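Trainee: What follows is a structure written as structure tokens; I'll ask about it next.
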Ligand SMILES: *Cc1c(COP(=O)(O)O)cnc(C)c1O
């Protein structure tokens, strides 16, 4: 067996330790005589798995007791509809901060259910930065302000937490799509009304969506909201209103335990800073490659880059594959390359990429 360095944006690489443990437990989980995929979601074995996963996530992110953690399905794209259906309540408008492809998609979907005000957008600059909060034009009484705190495609990450108290609007709940950087850095959950994300970037397998929602926001769903997507219904049923994605929850739980063994989120953040610095410093100094994002807003998780001579793109990708470095092709809407370096990517993988890039530049420069 040989494993490659996998820079996929998602579904993405998982910690090898987690995969090994899952493989060992595949046929017989802890003496149950069956694997996790075969268990009733209401049996005591699986209930213990789900409870531990939730408790570990709560500990890792220091989620206050006034927030509920929901294990849902449908991914972040379904949440783009589920959020306005749940949070609009008796208001007319929701505010959106648009910083790239994902928040753009979110605001478009929300228009089916709510009035949408674009509070700020970095579109004029080609989505290479995050508008400062003092420039956000919030509406008078929005149901919430939507943000995507890490734009996976553009490689743009908020360099600040969207804490509306700083602009005198603490009463408005902040919603944050953290699909591609949740658990990569320390956050203050109490600054948000709702944090959500698909698991397949920085947590576990596709099929699981994690929502961390402030309790006072439950119970506002529109009558047309499907019960399985009503946060209050899901919360009251302990995320078991319908059959949850049991195996994905189990793997996510193993990842949470792995994160705790790594020293938790603050320790991961330090590693992620070192990994990102290694790659960006090389890119900036190379003269051969470039990253076009405002340096203050560069993502630590998703690093898009371009070869200055784009005619070498195919040679770059095929040489990378031969060197065991895969999934480096950029998103089709951006072009170029993209290296996603989530928690599960060790610094050795980033170093292997930089070594390859140096050798390629030396050969073709
Ligand atoms: C991947 C991604 C999505 C889409 O997630 P799905 O699980 O495919 O619905 C949405 N937002 C962000 C920030 C993402 O990275």
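Including glycine, each Cβ sits where the backbone N, Cα and C put it.
Taken from TrEMBL, the feature domain 'Aminotransferase class V' covers 4-353. Residues or ranges marked as L-glutamate binding site by TrEMBL: 42. What TrEMBL lists as pyridoxal 5'-phosphate binding site is 102, 152, 177, 200, 242, 243. Annotation source TrEMBL lists N6-(pyridoxal phosphate)lysine at 201.
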Trainee: Which has the fewest other Cβ atoms within 10 Å: 242, 243, the binding-site residues listed?
Mentor: 243
Trainee: Could you measure between residue 177 (pyridoxal 5'-phosphate binding site) and residue 201 (N6-(pyridoxal phosphate)lysine) for me? Cα positions, answer in whole angstrom.
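Mentor: Cα-Cα, rounded: 12 Å.
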Trainee: So of 42, 102, 201, which of the recorded positions has the fewest other Cβ atoms within 10 Å around its own Cβ?
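Mentor: With the recorded positions 42, 102, 201, fewest surrounding Cβ atoms within 10 Å: 42.
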Trainee: So the record assigns 102, 152, 177, 200, 242, 243 to pyridoxal 5'-phosphate. If I measure every Cα pair among those residues, what is the longest distance in angstrom, as a whole number?
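Mentor: The span, Cα to Cα at its widest, is 30 Å.
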Trainee: Mind checking which of 152, 200 has the fewest other CB atoms within 10 A of its CB? They're the binding-site residues.
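Mentor: Across 152, 200, these binding-site residues, the one with fewest Cβ atoms within 10 Å is 200.
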Trainee: I'd like to verify something. Among the binding-site residues 42, 152, 242, 243, which ones have a C-beta closer than 6 angstroms to some atom of ligand 1?
Mentor: 152
Trainee: Consider the binding-site residues 42, 102, 152, 242, 243 and say which one has the Cα lying nearest the Cα of the residue listed as 'N6-(pyridoxal phosphate)lysine'.
Mentor: 152
Trainee: When a 10 Å sphere is centred on the Cβ of residue 177 (pyridoxal 5'-phosphate binding site), how many other Cβ atoms does it contain?
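Mentor: Excluding its own Cβ, residue 177 (pyridoxal 5'-phosphate binding site) sees 27 Cβ atoms within 10 Å.
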Trainee: If you measure residue 102 (pyridoxal 5'-phosphate binding site) to the residue listed as 'L-glutamate binding site' at Cα, how many Å is it?
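Mentor: Spelling it out, the Cα of residue 102 (pyridoxal 5'-phosphate binding site) and the Cα of the residue listed as 'L-glutamate binding site' are 35 Å apart.
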